[in-house]
There are 6 protein chains.
Amino acid sequence: MFAHNKRLQYTVRVNEPNPGLANLMLEQFGGPQGELAAAMRYFTQAVSEDDPGRKDMLFDIATEELSHLEVIGHIVAMLNKGAKGQLAEAVDREADLYRAIQGAGNDSHVTQVLYGGGSPLVNSAGVPWTAAYIDTIGEPTADLRSNIAAEARAKIVYERLISLTDDPGVKEALGFLMTREIAHQKSFEKALYAIEPSFPPGKLAGDPKFASVYFNMSQGEGDHRGSWNQGEQWEYVEDRDQQCAVDGGDGNASVNLSGDQMSVVKQAAMRTASNPQTDPTTGAELGAAADSLAMQRPGQESQPSGKPLH
Amino acid sequence: MFAHNKRLQYTVRVNEPNPGLANLMLEQFGGPQGELAAAMRYFTQAVSEDDPGRKDMLFDIATEELSHLEVIGHIVAMLNKGAKGQLAEAVDREADLYRAIQGAGNDSHVTQVLYGGGSPLVNSAGVPWTAAYIDTIGEPTADLRSNIAAEARAKIVYERLISLTDDPGVKEALGFLMTREIAHQKSFEKALYAIEPSFPPGKLAGDPKFASVYFNMSQGEGDHRGSWNQGEQWEYVEDRDQQCAVDGGDGNASVNLSGDQMSVVKQAAMRTASNPQTDPTTGAELGAAADSLAMQRPGQESQPSGKPLH
Amino acid sequence: MFAHNKRLQYTVRVNEPNPGLANLMLEQFGGPQGELAAAMRYFTQAVSEDDPGRKDMLFDIATEELSHLEVIGHIVAMLNKGAKGQLAEAVDREADLYRAIQGAGNDSHVTQVLYGGGSPLVNSAGVPWTAAYIDTIGEPTADLRSNIAAEARAKIVYERLISLTDDPGVKEALGFLMTREIAHQKSFEKALYAIEPSFPPGKLAGDPKFASVYFNMSQGEGDHRGSWNQGEQWEYVEDRDQQCAVDGGDGNASVNLSGDQMSVVKQAAMRTASNPQTDPTTGAELGAAADSLAMQRPGQESQPSGKPLH
Amino acid sequence: MFAHNKRLQYTVRVNEPNPGLANLMLEQFGGPQGELAAAMRYFTQAVSEDDPGRKDMLFDIATEELSHLEVIGHIVAMLNKGAKGQLAEAVDREADLYRAIQGAGNDSHVTQVLYGGGSPLVNSAGVPWTAAYIDTIGEPTADLRSNIAAEARAKIVYERLISLTDDPGVKEALGFLMTREIAHQKSFEKALYAIEPSFPPGKLAGDPKFASVYFNMSQGEGDHRGSWNQGEQWEYVEDRDQQCAVDGGDGNASVNLSGDQMSVVKQAAMRTASNPQTDPTTGAELGAAADSLAMQRPGQESQPSGKPLH
Amino acid sequence: MFAHNKRLQYTVRVNEPNPGLANLMLEQFGGPQGELAAAMRYFTQAVSEDDPGRKDMLFDIATEELSHLEVIGHIVAMLNKGAKGQLAEAVDREADLYRAIQGAGNDSHVTQVLYGGGSPLVNSAGVPWTAAYIDTIGEPTADLRSNIAAEARAKIVYERLISLTDDPGVKEALGFLMTREIAHQKSFEKALYAIEPSFPPGKLAGDPKFASVYFNMSQGEGDHRGSWNQGEQWEYVEDRDQQCAVDGGDGNASVNLSGDQMSVVKQAAMRTASNPQTDPTTGAELGAAADSLAMQRPGQESQPSGKPLH
Amino acid sequence: MFAHNKRLQYTVRVNEPNPGLANLMLEQFGGPQGELAAAMRYFTQAVSEDDPGRKDMLFDIATEELSHLEVIGHIVAMLNKGAKGQLAEAVDREADLYRAIQGAGNDSHVTQVLYGGGSPLVNSAGVPWTAAYIDTIGEPTADLRSNIAAEARAKIVYERLISLTDDPGVKEALGFLMTREIAHQKSFEKALYAIEPSFPPGKLAGDPKFASVYFNMSQGEGDHRGSWNQGEQWEYVEDRDQQCAVDGGDGNASVNLSGDQMSVVKQAAMRTASNPQTDPTTGAELGAAADSLAMQRPGQESQPSGKPLH
């Protein structure tokens, strides 16, 4: 069960309203790398987790991320406060209000006009938060890696936001939030490596014929080697023919169909065949300008419909 | 530039059509952990990458994932082939076709009725693929971790699909695809650790006051300790008061408003205040059944509108 | 700040696993009327709220909804537990596992194959939760009505789920959750009517010419009257002509353009005009079967291209 | 069946083109609180409604909302007209056109570049309209409350748009549209309260033990009381222990598993346990900078891999 | 199988960075009419195609579109390069960086803050790419028409982008990409008209009673005739009565219910009927201001609750 | 302005309820090829159209599609009617109701549990309708082609639904709706070809160097020729080298950076370089099982961290 304490985890002191900055801060409120994504990622993992240590840790961190959501939400709310009042009371003349909304810039008009200067669960583009951002699949050797990566990403977005403002109170609170992502990453790393083995993830071993092959699929000036495709642990394949049909087969796809199935498949194919033997007049040709470069080529005569292809 | 060779990277031999199984396979075609997500994740990173070694690796792997998308797509197409023909030609009596579509189960009706037995970019629930699945943010110490996690997830979903079918050709092709995720994870790991340092991600250091703190936010029977919150590298905080306002402030949010801003904010607040001094009759009370348990409590009399609260 | 207590708000006792039922329960976990939607709706309102009473109430109820999310999540997790283990360990033969997944029915295959038998933030169709479900706009006379309606909807979906299961522990927990929606609705009603006035919402009065008019826009057998369009408070307009251009104007849309603007608009219109004076041969006609009913009508001759229309 | 009359319901007179303002107006065309959402909300309810009075009313209002969609669409089209022509004909030099598009501000570039200066079904952020905005669930005591709330929200967004422009023709048409939301709300209120009883919504009564309880879940300075949680109709619970496991149980979640299910669940848990007894070296530690504050604490020595935790 | 060559299909020479222009270019990278949509549209069709000629063509063009995706992606990357470096290294003072991001305009802040100056699969509004953009249904007479239309749309969006920049290298590369859409449209037209017949699409003929009827559903000043509704091939119906119930029935919807079904439907209808015989007091009336124009009409007295309607 | 007549455009006579079939019918109600998509596609084009003939035609057809939406909606409502009553009144024992919902199959559980047996704007997978389905871009030579394609797709989905049911009343109504798509396609074709020229779409001509080239990008067994890539109007390029850098340049992407920009770009690249000179120990290696095939290769020794690559 959750309980709420009216004090924030970190005091928020905003120097002055700035709806444009508020809108950028939404990235960490309702954006893909933001605190709701973090909280829900760990919360849903915690609910289904059977390992008692991880379950506890996931609830600990989920709860803290909810508390961070509250901190960043209040930063947004403070930055929007003046504009929210002006819009609600419409104290300015209309043209002034329009200029104010245009002037605040980026997508802050959405926060103002649609959300009334609140703290909506959208990113800085106004795109609503979606659970498609959460990549939990219910296997800890994958989910912990996802969590590690998610913390890394959140740390970076905070770093960028810190670079964008010189308001000392905002900077300080963001610095706290950023630092906590580092701490969380460390916890998830410990929990991952405490699973033995943690690689390869899951239960099935890979096929040894293909687990150490590196296919050089992109070729040309700019080919590089490094430990990711070089050294005794790698078999490096650059012959294009050896990259195809690596099972040694013909590289085609096939299925066994019953006689009935085969005949309807053939019937459908025949009914809808594009006949390669004719050169039909097309709608594009009907609609082409008389002198259209797009349709004509030097020496080409105007064509009757459906002539045989020679 | 891309080029295409008509042979698949792995030969696909499907034993017999099975539209229900085809639909499950869509997870790795148009699902969040599938091959399009993989290909686009690495491709978009490659395009913006400035490090020559990583750029080359990312194009190599993106190109291979596109080739995997083609393999899993052909598995889907082969499993759907019979049903596709029957639908297109409607050779069965209507009731039989309805039963066939119902009987194939899970969400295969969507693949049949909407997509004509093709290979659409949706997951096994029929949800269209979205770039919201891609979590690239343009910083390699985060993106490589995201890639590692993505490979781990894809490996697991393949493992599950392998567990679901006894068609030997499908199993074998899935085994190849699963194994390649392992190999790709290894490459991304090498590239990550070849950045020195790779932790913490990005440029800013964390605040040492908070980088090694573990807040025990979820308490009660079931609290556990492990290397993720225990040991000399952690400061473990379980006192609820010490989890609040960790900066030492009052835990409130504040902003400095100009006099004008302050007065409109106050005006808006007054206009929309919920008056705590009265007990208004509500719409729910108007609409409540005479004997409604939901509205009444023992000893409660019927109420006049808007009476003062005592 | 949030804190978490390991005990649930309501004890969850599930009689036996049932992945099909688990999937239906997802409606109240990650569905549009579910507990995440409720929690986030009230939480985001609380963050931006300036009225101290409402702010407190919104945090109270948001926190309880998070606790409900945890309850319903554990119902899902318990119902999925057996299937989750079987999938992770693949102890059944493949065909059996396939049959089990098909047999569990509705969309439970998505929960199994993609989410590993966990508790994902999707609805029972597998559609990821989206903040588009939240309709908060930052004005209490609207938001409180939205909250009242949201509680009513959540109550109904719980009512339906209760009708679907005879597992006594599930029924009892759902009954608790359903009842709390009733209690929350009552609180929101009180808070709404404690704003004086609360109707019309917002600040601007309506135009008295149009605020009490009812337009009978749908006519024919089945027209009905009731207090919603009848009585002395309504002006009932059924003459079609009086429903049009009610301002007394010509009912057209116009804009003043500068001379330059006017000339480019005209130029664009001329360039792309569909000439009503000719009867062009079309692509459809090119492609029509010789005896196509769709293209021909009795007495119609085959047509040369682009003939004038008579 | 629908019929269309070429005259608008309200004459639209726009003073001059303004693509920035046009984009803001899209909120009421393709935004969540806009006219398409209204029209489709009532139309879909009407189609499935069995009560003849409500069915008639829903078709009346749905049809009027479609007519409003047409009015707001024409406002958008008129405001965009000049810019649309300039883009289509590219009469300006490129740099001028770029400056014009940048200068129009907010998200109007999307309307111009992607939608050609038309009237797309997106909101002012460019987010496509989605039926996720519609919260109809097929029970009138809920749906009518949803409709009341939707009208209140739409009224407010119109109020904001009116505050943003001083174009008298735009203002007047918006005033009409805003007023009609008030009238519609009144009709829906009448229809709701004409259901007896209308509260609690639906068929099942709540559990009297929990229907009048208010849990004070958010505590600390700022706790407030009002009619929403105070008075004889409320039981106010603030003891944290009494908020947990309110059924009197242990607050845990449980399910009865068969022996086979139990053994695979245990097997999965053991295979993936995070071992709390060791302190493994992690990837983060491998990648940490030598002097990283994030990894080290005073007195900490560099660590060998996987050492036991003391 | 795909292979990648490090040279682009078209050399990209960008004159100078411009993050605002970069963001507009995203329309053709991750926008609905962009190159990913094109590539995936044709690729998925190719995978399921049974006609050998079309299958080959679809793979040819899909592969070229992937190569175009790479070209437009590199245009975006080059235009963003300077800003990306500045953000990553935060070399500017914060206020300068904020001003730079605000000044670049349109939605480029999203590309910078969320995506790090990369090339994300979003459109110029920041909306993530979705497979909902792809309209393939698995029937060539429909899909080829969809492809023709898609090429036409892509051609136009390129035309608009060309109009927006005077950077000669960008203009030239966009000109190439635009031209290729013309060439692809020509190929798809040929393949469509090489199916005989190609109209009407699919297998079933239309009902001759309705295949040549034009219903004049929108009436009033502005009615126009042209070859689309005029000439001997059309039957033009403008009598409103003849547009309704064109089958000659009563225009109602009906279903045969069993006795049991009928009785529960009636029971539900009775329970939820909106009683037209009373005029209930509503929540809106409770909350209305004493002098509210919205609730009162001249001569109207204040009303007691639930009075009968006269 | 719209008006509504209570009679449907086509009488709907459903033989008996069938919630499974109802759910499939949703494809044409709230699916991508359904009637809402059609109505909104033409309606939004009509609103912004400047050509009087097309504007009139678009309103005519949009209005008819709205009337079709009403017809298909009533088919859904009739097929769901019995189940809707049973759910609302819960007259069956719970287990029976659960079995009934499971037995109805495909995704009908969503329509029942979430939407109460109504007619929601979702497709047969439960995916909410989105304006991302509409591809209007505001240029008639593209939009009319999009409309032609949309009508072709809708015709096919109706054809499939007709094949799935033997209810004569449903079949007949679907046959009417299908036929009208044929008629609408004919109108749009006429309007397209009445624009002279209609190809290439838009205003800019293509570059003659590239407008008639066909790149054989997919090579191998299965290459085919036809009028789409053969004949005097095509230049066929199959040499891989001639497909690259077709402008004659080096095929690279470049941008001119200022000195300051260059130096930050370099700084960022250096800071985040993946060093190709070392072979770092990775997290995967830390976590690999001792005997893991995935990490080891024959002859490979266990590795110390960060050894130089030889």
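Each Cβ is built from the backbone N, Cα and C atoms, and glycine gets one as well.
Please treat TrEMBL annotations as automatic predictions, because they have not gone through curation.
Note that the coordinates shown come from a computational prediction; the quantities given were computed from them, not determined experimentally.
Of the residues D:Glu94, D:Glu139, D:Glu151, D:Glu221, TrEMBL places D:Glu151 in the same Mn(2+) site as D:Glu35, D:Glu65, D:His68, D:His184. Residue counts for the compositional bias 'Polar residues' (D:272-281) under DSSP, split into helix (H, G, I), strand (E, B) and coil, are 0 helix, 2 strand, 8 coil. Comparing the Cα of D:Glu151 (Mn(2+) binding site) with the Cα of every entry in D:Asp56, D:Asp60, D:Ser218, D:Gly220, these being the binding-site residues, the smallest distance points to D:Asp60. Cβ packing within 10 Å was compared across the binding-site residues D:Glu35, D:Glu65, D:Glu151, and the lowest neighbour count falls to D:Glu35. DSSP assigns D:Asp56 (Ca(2+) binding site) to a helix. Taking 8 Å as the upper bound (exclusive) on CB-CB distance to chain A, the binding-site residues D:Glu151, D:Ser218, D:Gly220 give D:Ser218, D:Gly220 in sequence order. The shortest Cα-Cα distance between D:Ser218 (Ca(2+) binding site) and any of the binding-site residues D:Glu35, D:Glu65, D:His68 is the one to D:Glu35. Listed binding-site residues (D:Asp56, D:Asn216, D:Ser218, D:Gly220) with a CB under 8 Å from any chain C CB: D:Asp56, D:Asn216, D:Ser218. In this structure, D:Asn216 is the one among the binding-site residues D:Asn216, D:Ser218 with the smallest number of other Cβ atoms inside 10 Å of its Cβ. Listed in chain order, the residues near the Mn(2+) site other than D:Glu35, D:Glu65, D:His68, D:Glu151, D:His184 are D:Ala38, D:Ala39, D:Tyr42, D:Ile61, D:Glu64, D:Ala154, D:Leu177, D:Arg180, D:Glu181, each with its Cβ within 8 Å of the site Cβ centroid.
Each of the binding-site residues D:His68, D:His184 was scored by the other Cβ atoms within 10 Å of its Cβ; the lowest score goes to D:His184.
Nearest by CA distance to D:Glu35 (Mn(2+) binding site), out of the binding-site residues D:Asp56, D:Asp60, D:Gly220, is D:Asp60. Taking Cβ-Cβ distances under 8 Å and a sequence separation of 6 or more, D:Asp56 (Ca(2+) binding site) has no neighbours in its chain.
Rounded to a whole number, the C-alpha distance linking D:Glu65 (Mn(2+) binding site) with D:Asn216 (Ca(2+) binding site) is 42 angstrom.
The two recorded residues, D:His68 (Mn(2+) binding site) and D:Asp60 (Ca(2+) binding site), have Cα atoms 13 Å apart.
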